[in-house]
Amino acid sequence: MTAVTEHSAAKTLNEQLGERDLAARLALVASLGGRAVFTTSLGIEDQVITAAIGLNRLPIDVATLETGRLFKETVDLIDETEERFGIEITRFHPQKDDLDEFIARYGLNGFYESVEARHACCGARKLKPLARALEGASFWITGLRRGQSGNRADTPFAEYDAERNLIKVNPLADWDLETINAYVADNAVPVNPLHARGYPSIGCEPCTRAIKPGEPERAGRWWWENDEKRECGLHVPEAAIPSLNSSSL
Ligand code: SF4
């Protein structure tokens, strides 16, 4: 399929998804043909999507990026979630050569020293494993919500991702936290205990802190950086991350 037809398909899908509930949104994507992959970070939004896939037995692959720097609570939750919903969550790990190269150049925790080093670490531990997780996929399902941060405020239900040549689907784009919490309670969805300790958004342990009352949901991610639009690179075009392009990682 060409980029033009993919754009057009994504636009049509975006309109169709808005009219459906979560299970129907996911079922529609699964029915379109082509491999659909959901990547979960085990955050509360992602747990809702995993629950909907598992409870409705939808033919969608579930994958996670096991970066090697996750909280123990997050790693434990992978097993618990598989058991609760009877599904398999495929773990994608960073490759040793990439980690060796990063550590030799920046040091294990060199990501605190510069944005370039931080993007290089995310490149090795997240972006490269993500590329492997999405190999051959036609659809990439994520738990992005418009309410998570200012730069996610325009998140569509579906959009063409030219870089990865697939359609990215965000079935919770219009959900608020209240709706998320209600779904979790109604469906006995296991959630990361860190959420109750002030971590609404949970990534790698050295790069995530609890937030203070009134702070934005993602204020605890890479808190030492000043850029309001800080992201790990999973959900921004690679061209917008100069240090990833200049790095071999
Ligand atoms: S979030 Fe932190 S530890 Fe995790 S991959 Fe990115 S820089 Fe590395």
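Every residue, even glycine, has its Cβ placed from backbone N, Cα and C.
Look at TrEMBL and you will find 36-210 tagged as domain 'Phosphoadenosine phosphosulphate reductase'.
Here TrEMBL flags C121, C122, C204, C207 as [4Fe-4S] cluster binding site. For the recorded site, C207 ([4Fe-4S] cluster binding site), the DSSP three-state label reads helix. Spatially close to C207 ([4Fe-4S] cluster binding site) yet at least six residues away along the chain are R69, F111, R118, R221, W222, judged by Cβ distances under 8 angstroms.
The active site, nucleophile annotation in TrEMBL covers C232.
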Neighbour count (Cβ, 10 Å) for C121 ([4Fe-4S] cluster binding site): 29
C204 ([4Fe-4S] cluster binding site) CB neighbourhood, other CB atoms within 10 A: 22
